[in-house]
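Before I ask anything, let me first share the structure, which is written out below as structure tokens.
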């Protein structure tokens, strides 16, 4: 049986570093909620069986009317960490008929620059891979190590083999669920899905990502994201 495709959008974070009064995924950029751009990109990929958005149980900011016309489901099963939210979302996908051998693409709600083309490139590259992988970019900047709490450079780190992880991250549902559960049992709270897969002894692949697919994190990121999204809208 051909594996199906599912998308999972963990959307339970508060965005504390963004300096916003509301969670950043609901901030308006170029006339739309930031989350809208992620949902629209996956909605444009009709090959996906379902896109599941994981909200915090007490989220009072989500308004489905802002995303009218887009195909997705919502479950209020977010946990205390990204890892917990993703695990709860993976378990929730069973409600939509997802099987262990099916693929899931986990994507940050705060990466509005994702495009259907990048999603399809990732899927086409990894659909026959035994493990899966992520979109990522080779590190371009020189990296300096600074001790925690300090402001003095300890050393310069070689960047030759370093890549900056992005999302989506694409893995088999069963493999990813088992990897996260193992990490939790062993007391590890990992910051992305590939880390859990690596922790289980597997080797994910990297697929070239895009600079426009950056994560909106700090206050100054909103203006850059808005400029990119507005330009894309004007070009279409």
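Quick reminder: no glycine exception, Cβ is built from N, Cα and C everywhere.
Pulled these features from Swiss-Prot for this protein:
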{"type": "SITE", "residues": "17", "note": "site 'Transition state stabilizer'"}
{"type": "SITE", "residues": "24", "note": "site 'Transition state stabilizer'"}
{"type": "SITE", "residues": "159", "note": "site 'Positions MEP for the nucleophilic attack'"}
{"type": "SITE", "residues": "215", "note": "site 'Positions MEP for the nucleophilic attack'"}
Please classify the secondary structure at residue 159 (site 'Positions MEP for the nucleophilic attack') using three-state DSSP.
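DSSP call for residue 159 (site 'Positions MEP for the nucleophilic attack'): coil, neither helix nor strand.
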Cβ atoms within 10 Å, counted per site: which of 24, 159, 215 has the most, among these recorded sites?
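The residue with the densest Cβ neighbourhood is 24.
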Where does residue 215 (site 'Positions MEP for the nucleophilic attack') sit in the DSSP three-state scheme?
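Once the DSSP labels are grouped into three classes, residue 215 (site 'Positions MEP for the nucleophilic attack') ends up as coil.
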